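Notes follow the structure.
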Amino acid sequence: MSLEALNSPPLIGILTAGCYCALPFVVNNPLFLSSLPWSTIKGLNILAYGISIYSVTRTGRYDSQQPPPSSSSSKQASELKKKNDDVDVDVVVDVAVDGIVNEFNDGNNRSLLNPAGYAFSIWGIIFIGELIMVSTPYISSSPSTSTQLIIREITGPYMMSQLFQILWCASFRPKYNRSLSSSSAVGGGGGGLYKYISVFNLTGIAVSLSFCHDAFTTTNDKSAAPSYSNMNYWCYFLPLTLHFGWTTAASLVNLNGMYAMRSSPTSSNSGNNNDNSSSTKAKAKSVAVLGNISVIIATTIGITVTYIRNAPVYGGVICWALTAVSVGLKKRLSSLLLLNKNDKNDKIKNKNKVGMYGAKTQQTLCQIGAIACAMTSAFVVVFSGHGS
C-alpha cells in the first residue's frame, strides 16, 4: 500500500488533533530532561529532522503543482511586463482569463496575505540551519552542561514540530479541498473543512517551536544573561528562531489562502463567481477583512514576543514577512493599474475582484506592521544588550 493511499483527510485530521493533545505532555517532560542519555537525545533530533525532510520532498502538494497558463493570458502578461517591471504576471493571468487555474495560485492570488516569492527563500536557510543544529553534536565536542540542558528541553517540542510538518505535507494537497461537499464549506463556497487541516498543522509547528524558543530566550530582566555562547546560539538556536518566526507568519498566509481559494479549479466558470454578483462582492470584502485582521495579529504577536522574550531576530522575521506581503501587493496594484488603463468598466470590475478589493489598505497595514516590528527589534537590541 502506497503512502498516498494512507493519506486520508479524516485520519490526518485525527492525527493532527492527537498531536495537539500530546504537546503539553511533551514539553518539559522528565524523560527528555534527565532520563534519556545524551546520545539518545542527539539521535531523536536528527531522526525527527530526517523524516521531516523526507516528507517535504514528496510531490503532490499545492506548492509543487505549477501548470503553465494559457498562451493568450501569457501573451498579455508578457506585454504588460515589458511596460512595467512591477507587474505581477500571475495576477494578470488570473484577472485576464477565467479559465482553469492551479488551486494554490488561485487561492494566493485571491488572498491579501500573499508574500512576494523571494520571501520563501528563508526556507532554505531554515533547513540548512537545522541540519547544522542536529549534526553539530556529532561532529564537534559536546556542548556545555547548561547548553545540553537547553537542548534537552527543546527536544520534545522540536520533535512535535517535525510531526506537525509531516502532517502539513500530507494535508496541503488538492484532495483536501474536495473531500466535503460545498454545502459544508466555510466562508461561502471554498471547498470542504478538510482544507483547513493544513492551517492547523502549520500553526502546530509554530506553537511547538514557541516552546523551543522559550527554552533559550531571556526575560526583560537586563541582568539576565544567556547561559550559552554566541557560537552555540548560531549553531543550535538561531535556526529555531527563524523557523518559529516564519511559521508564525506562514500559518496566517496558509489560512488566508485556503479561505480565498475557490472550491474547485474550474469554479471560476460558474455563474456564482460573476464579478458583479453580490455574493462575489461579499466574498471580496470578507477576504479583505480576514487579511486585515491577520496582519494585525502578526504585528501584535511579533511585537509582544520580541519585547517579552528579548528576541529581535523573531521580530526581524515577522518584519521580513510583512514587507514581502507589501511588495507582493505593490506588484498586484501595478498590474491592476495597467489592466484598467484604457477601460473604465474594467477598472470597476477588476477593483472589486476577490484579491483586489482592499489591497491598498492591506499594503498600508503591512508597512505599518513591518516598521513596528523592526522598531521593536531595534529597541530590544539597544536597551537589553542581548537577544535571541
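The chain as shown is numbered from 1 upward.
Yeah, the Cβs are placed from backbone N, Cα and C, and that goes for glycine too.
Quick caveat, the model's predicted, so the values are computed rather than measured.
If you look up TrEMBL, you'll see 62-82 marked as region 'Disordered'.
Feature annotation from TrEMBL assigns transmembrane segment to 12-33 (among others).
Here TrEMBL flags 116-134 (among others) as transmembrane segment.
With a cut-off of 8 Å between Cβ atoms, the residues of this chain six or more beyond the transmembrane segment (154-172) that come close are 7, 9, 12, 15-16, 19, 22-23, 26-29, 31-32, 41, 44-45, 48-49, 51-52, 55-56, 58, 61-63, 194, 197-198, 201-202, 204-205, 208-209, 211-212, 215-216, 240, 243, 254. As annotated by TrEMBL, transmembrane segment applies to 154-172 (among others).
Marked as transmembrane segment by TrEMBL: 193-211 (among others).
Sequence annotations record features per position, and here TrEMBL assigns transmembrane segment to 231-253 (among others).
The annotation transmembrane segment is assigned in TrEMBL to 287-305 (among others). Residues 110-113, 210, 213, 245, 248-249, 252, 255-256, 259-260, 311, 314-315, 318-319, 321-322, 325, 354-355, 357-359, 361-362, 365-366, 368-369, 372-373, 376 of the same chain lie 6+ residues outside the transmembrane segment (287-305) yet bring a C-beta within less than 8 angstroms of a C-beta in it.
Marked as transmembrane segment by TrEMBL: 311-329 (among others). When Cβ-Cβ distances below 8 Å are used as the criterion, the transmembrane segment (311-329) is approached by residues 88, 112-116, 118-119, 122, 213, 217, 238, 241-242, 244-246, 248-250, 253, 295, 298-299, 301-303, 305, 359-360, 362-363, 366-367, 369-371, 373-374, 376-378, 380-381, 387-388 of the same chain, each at least six residues removed from its ends.
Long-range neighbours of the transmembrane segment (365-385) within the same chain, counting only residues 6 or more positions beyond its ends whose Cβ lies under 8 Å from a Cβ of the stretch, are 220, 222, 292, 295-296, 298-299, 302-303, 306-307, 310-316, 318-319, 322-323, 325-326, 329. The transmembrane segment annotation in TrEMBL covers 365-385 (among others).
Between the transmembrane segment (12-33) and the stretches 116-134, 193-211, 231-253, it is 193-211 that has the most C-beta pairs under 8 angstroms. Sequence-distant contacts of the transmembrane segment (193-211) (same chain, six or more residues past either end, CB-CB distance under 8 Å): 9, 12-13, 16, 19-20, 23, 27, 156-158, 160-161, 164-165, 167-168, 171-172, 176-177, 179-180, 184-186, 240, 243-244, 247-248, 250-251, 254-255, 258, 261, 305.
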